[in-house]
Amino acid sequence: MVTTTPENEVLTSTSAVTGLPQKRYYRQRAHSNPIADHCFDYPARPEDVDWRSLYPSIRADQEVSFADIGCGYGGFLVTLGELFPEKISIGMEIRVKVSDYVLDRITALRQKSSGTGAYQNIACLRTNAMKYLPNYFRKGQLEKMFFLYPDPHFKRAKHKWRIINQALLSEYAYVLRKGGLVYTMTDVEDLHNWIVTHMDEHPLYERLDEEEANTDPITPKLYQSSEEGAKVVRNKGDHFLAIFRRL
């Protein structure tokens, strides 16, 4: 079994060429039931989170401002860390082996970049964001939230499990500051239409028009920075983008 290792230990299951962990040692089912009773440790309130355990170099005046919900294997999270070195980004992932991989990947990147300070601004939490998001973030804390290629839950009976729904949108609005942005990307048109419908119906969001969405410097990175996005590109699949502003 692969476990997370401290930064000063040698990583197992690591490529001799890249020095990074290899995904084949961290395989897991593509999706996890978010309604099931997983065993999670979670804080009672945001003030109880020990962020320094995840970000050893974080300054007293810094806090998490970007959240990649369902970050998968961390490709986009790493890109965020590179694009915004002064911002603190967190990836949240429910699957244990996948979150272990992201943690080990970040540890390896920090070791390879030792002395530069790179990748000290990203981290990953294994948690269920559909249940515990307000336990980690105070009201209006986040600037940006990302929902990239979420589980479409195709069966109608499972639509209630979708990461975008009316109840959860109110929770996202609570932790998102006014003017903050929600980025969504999927290769499933039905899910895209579901997202747009629910976001449009919620009084605390407005959709960015096409021009504003396409001029956002993050937009080009949404297509293939994540492993799932890169797979869609390889398979010549469709991408459906929608970005919303918190009112």
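Cβ atoms here come from the backbone N, Cα and C positions, even for glycine.
A quick note: this is a predicted structure, and the numbers were derived from the prediction, not measured.
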Starting from the S-adenosyl-L-methionine binding annotation in Swiss-Prot that includes E93, I94, N128, A129, L148, S226, E227, E228, which of G70, G179, G180 is the extra site residue?
G70
Can you tell me how many other Cβ atoms are located within 10 Å of the Cβ belonging to G70 (S-adenosyl-L-methionine binding site)?
24
Given the S-adenosyl-L-methionine binding site residues G70, E93, I94, N128, A129, L148, S226, E227, E228 in the record, what is the largest Cα to Cα distance, rounded to whole Å?
20
Rounded inter-Cα distance in Å - D151 (active site), G70 (S-adenosyl-L-methionine binding site):
9
Specify the secondary structure state of G70 (S-adenosyl-L-methionine binding site) as given by DSSP, simplified to three classes.
coil
